[in-house]
Amino acid sequence: MYKKLNLRKIVMLLLIFCFISFLSVIPAFYGGYIKFHYDGSVHISRFESVYMALKSKDLPPIINFIGFSGSLNAYNGMYPWLTTLIFVFPRFILGGNQLYALMAGFFILNFLTMFNTYLLVRELTNRSYLRLLGVFIYQLSTYHFVLMYSRNAIGEALAYAFIPLVFVGLYRIWNRKEKGFLFLGLGMGLIINSHILSAIMITMIILGILIGRILLKEITFEEIRQYFYAVVIAIAISSYMLVNFFTIYLFNKIGTPFKGIQGINGGKLFEVLLNNVITDEAITFNIGLFETLLLFLLLVYAFVSDRNIWKKWIVGAGFLYLITLDWFPWHTEILVNSPLGTVQFLGRLLTYVVLFLMIGVVLFFEHQKGVFFSNWKLLLVTILLLFMGMCATYNYHVKKNDFFVCYFLKTNNDFSNVIYKKVIGSDYQLQTNTDKDLPIEYVNVNKTIQKYDQITLLTDSPKKRKVKYLIPIYEGVNYTIIENGKNITNEVRKGKMLTISLRKGHNRIVIRSKASGVQWTAFLFSIVAIILATALSMRSLLLKHREIK
Amino acid sequence: MNLRNINYKKLLIICILFTTVGILSVLPAFYGGYLKVTFDGNVHLSRFESIYKAISAMKVPSSVNFIGFNGMVAAYNSFYPWLTGLLFIMPRFIINNQLHAWMAGFFVVNFLTMVNMFILSKKLTNNFSLQLLGTFIYQLSAYHFTLLYSRMALGEALAYTFLPLVFTGLLNIWADNNIGILFLGIGMGLIINSHILSALITTIILAVIFMFRCVLKMCSLKEIRRYIYSALISIITSSYTLLSFFSVYVNNKVETPFHLLQAIVASDVWIAMLNNSIKDTSSIFNIGLIETLLLVILAVPAFISKYSKWKLWWMGSIGIGILTLNWLPWNSQYLVDSPIGSIQFLGRLLTYVVLFLAISVVMFLDKIYGQKFSMSNLIVLVVPLLAMGMCATYNYHITKKDDPIRFYPHTNHDFNEVAYHKFSVFDYQLKNNSGHSRIPIKEYSVYDTKQKYNQISIKITSSKARKYKFNIPIYIGVKYTVKVNGVERNIVPGRMLIAHLREGKNTITITSNPTKLQSIALIISIISIILGTSYSFYSEVRKSNVKNIGAI
């Protein structure tokens, strides 16, 4: 019942993936540093607090005590961190060198992206060269490099790595193959554990596809049952994340990240495509010149040739590409204030453009008559894509002074300095705040002692007074607050900014929070679910195909 | 020798066609009766003037230039090959008006470019229309006009003219024809006699192609032997240039031209192509909108069809094209300081992009259309190319003062003024000229000099009697006679000229004549070029027994 494994082929594949991962990572670390701007600094702060917690064999609390200028925002609660473990674990192995750990993390990320994409292309074609073409179109897209290096959007980059799994699941379900729900659930669960917005967007896209299927009357009852199973698995896998998220979200009025619908500027896009530039500006996000041309040519071909299955995907990719452009009045107030506004940058849709393009290209070569694909072409395309991605990354990497806030991190010291002293916390603030007349006491990061589960604030006050810290005290989170050795937890009102009466002279305020029992349970449940789902889905790959009913 | 075998009718058609296109390619650059001369053009005006004067006096030109270059007597004649520049110089012996002579020179160069490319195209296809298409893609490329008129890089333009011969030779050698040895040798020899850097780049490209052939096991010992014969021929034909070059280069520490790796900025070049501009800004050198589109669109058949030989040339073309772009981090100091940095402008590689594009287009169309490709197809492609080239040249020509250094010579007097008196670059300076820092440098005006092809007299007034240093390098290995106020003085070679002046008016006269060896080498070069070209042209013109060797 198990398939015969072609070990030589598997080893070759893994070697190729390793090699390409390696090449995708080095330009961003050339010269022994990484270029990070604000978003990158947020992520390394998050990593640090997870790392420190795991080091103490503890679960990170819902509040971040490390970084974010001591503003104790609920990044751990609101921003999923479970899949970022691929960036955190290497630190335990690589003797604590953070630069190397980050490098290893990016390596794993790229490898995972290719591995998952390979699982998807396996569903589309049996030809090895074509499978690799698909993998490389997705992996070596300029937008992937944009996500990782110029946007530093690590959460989204992780989601990018797991999105192919979702489509493995969908493809299996649509083609009545076994265990589709498993892949769909695993993929969705991991995306929820990586980036909430990506999870919402992919849900919308799947809903869009489903509506299409309903209209075309392709949907079956069996299919719906499979979706249902998948949802259950996804919830199980992301239970820890969901518990965290809803603890904060339901009990508190949270300032969500800013709303905006920033389209891609057509003229600017053309310029950066031609110059092969990656930047952090949302109006210039792009999938690269070659993939844009490829999409364009295939759209033309789709228009002039007969009906074929690759066309849906190409048209889908083309449609999504089109709506990312600022040709449409995206910036109108109504749209921005609507739920659509949470997308912020329409360029985020490029992930799906690349994915659909990749699927379309593979199906094109698989099913279109009169076109040929060979190993030489694969080599050529791969080299070109790799060349463009590496050059764009390198050129971005060596450019200085293109950001107001930009760090060139080399040593552990550089990392610590940024993590503990530089990152500004601004997201997930409480929106209710009544004590308007109280003076604000700003936290001076140099007078704090930051640990993963507690922070000590040292303040000198010229006189006895009541002050307000810009520190949200969330409802539903257990805090222990000690002022000058006295436990004042019960005096502090929740759901507001921290207000405290300072005495004259030195003050020492300790704020502590630990992961709750519910969190622990959910965490263990999530981990077990991920391991089980991964193991089962991997096992199903080794089984001979069987159709369901 | 059977001259009756020649197809005179076809030959006549070709001559008329090439003459017409040649004239049309030249006219816009002379519209209004003047030539727009750039910074680089100034160099060529001065160089050619000194060659012209020497030949007028029936003498071999000196190793150093006494005419032009601010009277600084630099070794342009040695370092910058001039032999093929005779195409621009010879008309002056027939036409007295310099403007008209230049016009004739440009015409000859354009005509020869077409002839050479036609010879190459004949190796690629039997279809006459396609042969002409290849010729015109090469001749009417925007980059050809850039070279000729806006960059006025006449050395490179001459190399552009002879480059097709090199590939004619290669194709013949690969097809096991011995005539290839002659074409390759003559082609390379003529390129060396035109522009050293182009010769180097061509050699590197040939080496890369050779390596590919070795890797693909297409290379035979016989082939290598033929390459060696070709190298011998090219050395013989360029013996004068090589001798002049190395006799100065080996003996002196000479400043090489500045290092730079200016890539083409993709977004700027796109705008330039849309506007059909051939401005001499190195970041926008381009092969023209039509040819760029052709190059890009060929990607579609290249990608979806099965293996075919035209794809190799197309890949060469687009590969080199990509290398010229700012996608690579060319501006990193490490690369600029390396030997690659002597390329200066990566746009220079466009010559090869155009050539390979022309080859691949001809082979591609030959494969898919064969004889079906007709004259009307040709006209549809060529007329827009010609129109765009002429318009771009005209627009460049009538734009004045687009750079601080521009000349618009009209009369013979204007031309002489530029050639003799205008400032131009001073390359090939001696490196160790820092010695004798206590001796002051004596400046002199170029208007106080009397410049001949082998001699310069400088009138200098000194306020007191003392030693002065002059911005005149005295190269080792070049014979000089220096007279101060009529008395011959000994000079120390290998550094700047130092002379003792008396109070009041002084006259310094510097004379230099070529060595016997140079004269002999020049005669060898000229005879071998005449023999080589006439034999290879004869072999082309006669109806060959060897049929078209097909797409290699």
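Every residue, even glycine, has its Cβ placed from backbone N, Cα and C.
The transmembrane segment feature in TrEMBL is assigned to B:12-31 (among others). Within the chain, the transmembrane segment (B:12-31) has long-range Cβ neighbours (under 8 A, six or more residues past its boundaries) at 99, 102-103, 106-107, 110-111, 114-115, 118, 132, 135-136, 139-140, 145, 148-149, 386, 389-391, 393-394, 397-398.
Annotated transmembrane segment per TrEMBL: B:66-89 (among others), in sequence order.
Annotation comment: TrEMBL describes B:101-120 (among others) as transmembrane segment.
Counting only same-chain residues 6+ beyond the ends of the transmembrane segment (B:132-150), those with a CB under 8 A from a CB of the stretch are 17-18, 21, 25, 29, 36, 38, 106, 109-110, 113-114, 117-118, 120-121, 124-125, 156-157, 160, 164, 273, 276, 278-280, 285-289, 291, 294, 347, 350-351, 353-355, 357-359, 361-362, 365, 373, 378, 381-382, 385-386, 388-389, 392-393, 396-397. Taken from TrEMBL, the feature transmembrane segment covers B:132-150 (among others).
What TrEMBL records for B:157-175 (among others) is transmembrane segment.
Taken from TrEMBL, the feature transmembrane segment covers B:195-216 (among others). Distant neighbours of the transmembrane segment (B:195-216): 79-81, 155-156, 158-160, 163, 166, 170, 188, 223, 227, 245, 316, 342-343, 348-349, 351-352; these residues of the same chain sit at least 6 beyond its ends, with a Cβ under 8 Å from one of its Cβ atoms.
Summarising the annotation, TrEMBL assigns transmembrane segment to B:228-250 (among others). Below 8 angstroms of C-beta separation, residues 63, 75, 77-79, 81, 83, 169, 173, 180-182, 184-190, 192-193, 196, 428, 475, 477-478, 517-518, 521-522, 524-526, 528-529, 532 of the same chain, each at least six residues beyond the ends of the transmembrane segment (B:228-250), sit close to that stretch.
According to TrEMBL, the transmembrane segment annotation covers B:283-305 (among others). Residues of the same chain lying 6 or more positions beyond the ends of the transmembrane segment (B:283-305) and with a Cβ under 8 Å from any Cβ of it are 137, 141-143, 146, 151, 262-265, 268-269, 271-274, 276-277, 311, 314-315, 317-318, 321, 324, 326, 345, 347-348, 350, 353-354, 357, 360-361, 364, 368, 381, 384-385, 388-389, 392.
Among the features that TrEMBL reports, transmembrane segment is placed at B:312-330 (among others).
The annotation transmembrane segment is assigned in TrEMBL to B:345-365 (among others). Packing against the transmembrane segment (B:345-365) from elsewhere in the chain are residues 117, 120-121, 124-125, 130-131, 133-135, 137-138, 141, 143-144, 147, 156, 159-160, 163-164, 167, 197-198, 201, 205, 260-264, 282-283, 285-287, 291, 294-295, 298, 301, 308-311, 313-314, 316-318, 320-321, 323-325, 330, 373, 551: each is 6 or more residues past its ends and has a CB under 8 Å from a CB in it.
Look at TrEMBL and you will find B:377-396 (among others) tagged as transmembrane segment.
Feature annotation from TrEMBL assigns transmembrane segment to B:520-538 (among others).
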Handout entry: Proximity verdict for the transmembrane segment (B:157-175) and the transmembrane segment (B:377-396), three or more C-beta pairs under 8 Å
Key = no
